[in-house]
Structure formats: structure tokens, C-alpha cells
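Report on the structure given below.
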């Protein structure tokens with residue numbers, strides 16, 4: 001009974017799978033068709049959605065790959081962005097126009113040198129010939145290399161590079177200045193190497209540096225200041241009474257430390273750091289050293305103390321080696337010496353009457369001399385660069401204020417003459433403010449150097465305006481058809497016959513950078529030597545080749561820039 005019921009039930013189920021069941025009943029057939037179509041549509045829709053989903057996923061994957069490729073391309077381009085391509089990145093149209101004007105001035109100076117003095121040390125524009133002021137070391141050629149590179153003058157840079165590779169020869173029977181050869185030639189070659197990565201510049205820098213090394217072979221380690229490049233005989237100038245000069249002996253540290261870093265050979269760094277160690281043993285309480293030092297005993301003579309000629313860059317390098325050394329404990333003694341010297345500097349600072357120009361005196365014995373060289377106008381830039389390193393913010397602010405006041409004085413060295421170009425030095429007499437002493441102008445860079453630093457570190461556009469006024473004065477008074485010349489007298493405008501190599505290395509470079517984006521040679525990545533040759537900051541003991549790290553990347557400014565504003569410092 002139960003079995004028959006199960007069979008009957010099973011037969012009842014299977015009848016729905018029999019087509020005759022539906023053919024005999026049209027309504028059932030219609031329902032079946034509708035059901036079939038509905039199921040088919042559902043299945044098809046699900047398959048369609050699946051295909052659409054897969055298609056969209058595929059498209060998204062392709063887009064991800066495309067974006068990854070774009071990112072890689074951007075990274076590749078960014079890594080290859082040198083200062084050459086940064087010339088197109090501007091902060092405002094006025095800066096762009098002024099950069100172009102300065103660049104055109106560089107092209108004029110360089111093409112004149114190329115036409116009339118190629119391969120010689122310096123151009124004499126009036127007579128349209130060259131002169132070997134530095135023994136035929138190609139001073140202008142080497143001094144201008146990094147300026148050409150920074151301005152994106154690729155063709156000129158490559159032609160100069162070929163000359164360096166094929167014609168630059170240091171095997172000369174010539175008594176070279178240690179100081180000038182280091183800051184111009186060693187510094188210029190190292191900067192060209194750091195910027196371009198071209199090893200020919202490093203090889204040449206090693207060649208000339210090796211020829212200078214015997215100058216440090218003295219009883220104290222204080223170097224002689226003159227050396228024969230061929231024979232290695234070193235001595236001091238007779239007019240110095242056998243003494244070494246402070247600036248000439250203490251302005252090789254940046255270049256030779258950099259050379260040791262880039263070659264892995266410590267001998268260069270050891271020579272120059274011994275000088276600082278020796279001087280630091282008996283460093284005076286006020287941090288101020290006379291300009292003459294005995295190379296045998298390292299004792300200073302009773303001579304002038306100055307931040308002008310023969311003293312200036314010693315103090316500059318105490319600060320810059322600290323910056324170049326990443327401000328680590330290994331170079332802390334440089335900073336300590338510099339801060340001590342800056343406290344001593346305060347004892348040399350006076351104000352004129354009636355206009356209260358702040359100036360730096362020279363010191364002879366216990367007497368202050370109311371005289372300031374234009375060379376000392378590097379000091380505002382140095383003070384601005386060092387101000388942020390004080391542990392006490394109030395101290396930093398004090399020295400930044402001093403920097404701004406001194407810059408105003410230096411700018412007025414220019415504005416106080418009929419040509420609007422500064423004389424070589426100035427005297428400050430009570431009741432008459434400043435008066436020009438030695439009245440020539442040889443295209444010096446120190447004031448525009450300080451304006452560059454102050455612009456970068458404060459954002460005050462007034463410093464750009466001052467720099468532009470100085471540039472226009474050079475254009476009006478010093479530019480001639482065959483280059484640029486100095487003035488024999490800034491009062492009359494009578495021209496001389498020399499285009500100094502530092503005009504291309506320093507004056508035009510700092511003017512160009514004064515109007516360039518702050519990402520071009522950022523101050524937290526590069527240190528300028530005293531000839532304005534930028535050297536790349538790296539780990540002090542890291543001997544890795546810099547070629548891959550020499551790219552100047554698009555990035556935020558080196559320092560936190562204050563809001564840009566106008567207005568010179570007001571005088572109380």
C-alpha cells in the first residue's frame with residue numbers, strides 16, 4: 001500500500017517533465033515558455049554583469065598600469081632635472097625677466113672672453129686681448145663653468161669642458177697663490193663635477209690639489225701661501241715678512257674636505273683640518289685673529305684684525321665647514337670658533353653719524369680704525385646664514401638684525417657714488433657718515449652675495465630691488481662692446497681694462513640666483529665656497545660617488561621662507 005502510494009507520487013512528479021503534459025494544455029505551455037525566458041534572462045544578465053565586471057576590472061588594471069608608467073616617467077624626469085631645466089620654473093614674471101637679463105649679461109661676458117681671450121686667465125676688453133694673471137691656468141674658463149651650467153648655457157659649458165679635458169695643464173713653472181688657486185681652480189672644478197657628474201673635472205681637481213699639498217709641509221702645519229706648481233717649492237711673500245696670511249691659510253678647508261669625500265683619499269682633509277686644530281689650541285677669547293701668522297710656530301703676529309682683505313674668508317669658512325659637515329658633532333668646533341669670532345665682531349661694530357650706518361671697523365693694536373672694505377660686505381650674508389644655528393633664538397635674531405643693518409650700509413656704498421657703483425673701501429668720519437677711500441671698482445660680488453643670502457633667508461623682496469639697482473649700474477657703467485670692465489674711479493666713471501674672472505664666477509651668478517626660484521641650488525643642499533662655487537653637502541665620512549646624488553630636484557625651499565614683503569630696515 002505504501003509502495004503503491006510512493007510510485008503514484010513519483011509518477012505525479014515526472015509528468016511535469018513530459019512535453020505531452022504541456023501540449024495538451026496551452027496555458028501550461030505558455031507558463032513554461034515564460035518561465036524559461038525568465039530564467040534565461042536572469043542567467044544571461046548574470047553572465048553579462050560578470051563580463052562587464054571583468055571588463056571594468058581589466059580597464060582599471062590597465063589604468064593602474066598606465067598611471068604607474070606615468071609615475072615612473074615623472075620620477076625619471078624629476079631625477080634628471082638639473083639646474084638647467086629649472087630655469088623655466090619662475091615665481092613671478094618680474095623675476096623671470098630679470099633672470100633673463102642677467103643671463104644675457106653672462107652670455108655677453110662669456111662670448112667676449114671666447115672671442116678675444118679663449119684659454120687665457122682673463123679678458124682685457126678695451127684692448128680686446130687676454131692676459132695670464134694666474135700663470136695660464138684658465139682662470140675665467142674654470143671660474144665660469146658652474147655659472148654656465150646653472151644658467152643652462154649647455155653649448156658654452158660643453159665647449160669649456162672640452163678645453164678642460166684637452167688643454168688644461170697644471171705642469172707649469174709658476175709660483176701660484178695657494179688661496180687663489182684653491183678657491184678658483186680647485187673649487188671651480190669640484191663644483192662643475194658636483195653639478196654635472198663629469199669625472200674629468202674631479203681628475204683635474206686632484207691633479208692641481210696634489211701640486212698644492214707640499215705647501216702644508218711646515219713645522220706647525222700652517223701652510224706657506226705660494227707654491228711652484230711644477231717643482232713644489234713653497235714660500236711666503238716677502239712683503240708679508242715671512243708670515244702666512246690668515247685668509248690664505250684658512251680658506252682651503254671646504255675644497256680639500258670635499259675632495260677627500262669625493263675621492264676617498266683622506267690626505268686632503270687631514271692637511272686642512274690640522275690648520276684649524278692648531279689655531280684652535282690658542283684661539284683668542286674674542287675669536288679675532290691678526291692677519292699674519294708664523295708658519296713655524298702658528299703664533300699670530302701683532303698685526304691688523306679685519307673682516308676685509310686678508311682676514312675675511314677665514315671666518316666665513318669656520319661657519320661654512322660646519323654647514324658642509326651637516327652640523328654634526330665632528331664639526332662642532334668650527335661652529336664654536338665661529339660663534340666666538342662673531343662675539344668678537346660685535347666689538348668692532350660702530351654706527352656713523354648722523355644717519356646711523358652700521359659698519360665694521362678694523363683694529364690695530366687696541367685702536368679701532370673707522371674703515372670698512374667692500375670685501376667685508378660678505379659679512380651680512382655670513383651672519384644671515386649662521387643666525388639660525390644659535391641655540392638661543394634671541395642670539396640668532398640679534399645677528400640677523402646686524403646682518404640686515406650691515407647690508408643697508410653696503411648697499412649705500414653703491415648708492416653714495418655718482419656711478420652707483422661702490423669703491424674699494426670707505427671711511428666713516430664723525431658727522432659725515434661714509435666717504436669713499438680707494439675709489440676703484442673691479443666688479444666685486446660681496447654685496448650682491450649678501451643680498452642673495454638675505455633674500456633667500458628672509459623673503460624680503462627689498463633685497464632683490466637693491467640687487468637689481470646694482471646690476472643696472474654695472475650695465476650702465478661697466479658694459480662695453482667687448483665685455484665688462486671695472487672702473488678706475490667710481491666718481492668719474494673712467495674705465496679700466498680688466499674683466500675679472502670672479503665677475504663671471506660670483507657677481508653674475510649671485511645676481512642670477514637672486515631672482516631664481518629657491519629650488520635652484522637650495523641652501524640646505526649646497527654650500528658656496530668663497531668664489532661662489534657651490535659644493536654638494538653629503539655625509540662627512542661618506543665616500544660614495546656623488547654622480548647619482550648631484551641632481552638638483554624640484555622640491556620645497558631650502559629654508560622656511562618668511563612671507564615675501566617689501567621695505568628696508570627702518571632706522572631709529
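The first residue you see is number 1, and the count goes up from there.
Every residue, even glycine, has its Cβ placed from backbone N, Cα and C.
Mean pLDDT of the predicted structure over the topological domain 'Lumenal' (46-572): 90. Marked as topological domain 'Lumenal' by Swiss-Prot: 46-572.
Positions annotated as active site, proton donor by Swiss-Prot, on the basis of similarity to another entry: 180 (among others). Non-local contacts of residue 180 (active site, proton donor) by the CB criterion (under 8 A, 6+ apart in sequence, same chain) comprise 134.
Under 8 Å, Cβ to Cβ, and six or more positions away along its own chain, residue 312 (active site) finds 247, 306, 373, 375, 376, 378, 379, 530. In this structure, residue 312 (active site) is part of a helix by DSSP. The active site feature in Swiss-Prot is assigned to 312 (among others); the stated evidence is similarity to another entry.
Summarising the annotation, Swiss-Prot assigns N-linked glycosylation site to 326 (among others).
Within the same chain, residues at least six positions away from residue 377 (disulfide bond) with a Cβ under 8 Å of its Cβ are 406, 407, 410, 413, 446, 447, 449, 450. In the three-state DSSP classification, residue 377 (disulfide bond) falls within a helix. As annotated by Swiss-Prot, disulfide bond applies to 377-410.
Taken from Swiss-Prot, the feature active site, proton donor applies to 424 (among others). A coil conformation is recorded for residue 424 (active site, proton donor) in the three-state DSSP classification, outside any helix or strand. In sequence order, 373, 374, 437, 438, 439, 440, 441, 442 are the residues near residue 424 (active site, proton donor), counting only same-chain partners six or more apart with C-beta under 8 A.
Sequence annotations record features per position, and here Swiss-Prot assigns active site to 446 (among others). Counting Cβ atoms from all protein chains shown, residue 446 (active site) has 25 others lying within 10 Å of its own Cβ.
A sphere of 10 angstroms centred on the C-beta of residue 460 (N-linked glycosylation site) encloses 22 other C-beta atoms. According to Swiss-Prot, the feature N-linked glycosylation site maps to 460 (among others), an assignment based on sequence analysis.
The secondary structure of residue 530 (Ca(2+) binding site), as reduced to three states from DSSP, is coil rather than helix or strand. Annotated Ca(2+) binding site per Swiss-Prot: 530, in sequence order, evidence recorded as similarity to another entry.
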Pairwise Cα distance for residue 326 (N-linked glycosylation site)/residue 460 (N-linked glycosylation site) [Å, integer]: 27
DSSP three-state assignment (helix, strand or coil) for residue 180 (active site, proton donor): helix
Cβ neighbours of residue 410 (disulfide bond) where a neighbour is any other Cβ within 10 Å: 30
Sparsest-packed among the recorded positions, when each Cβ's other Cβ atoms within 10 Å are tallied, from 326, 530: 326
Reduced DSSP assignment, residue 410 (disulfide bond): helix
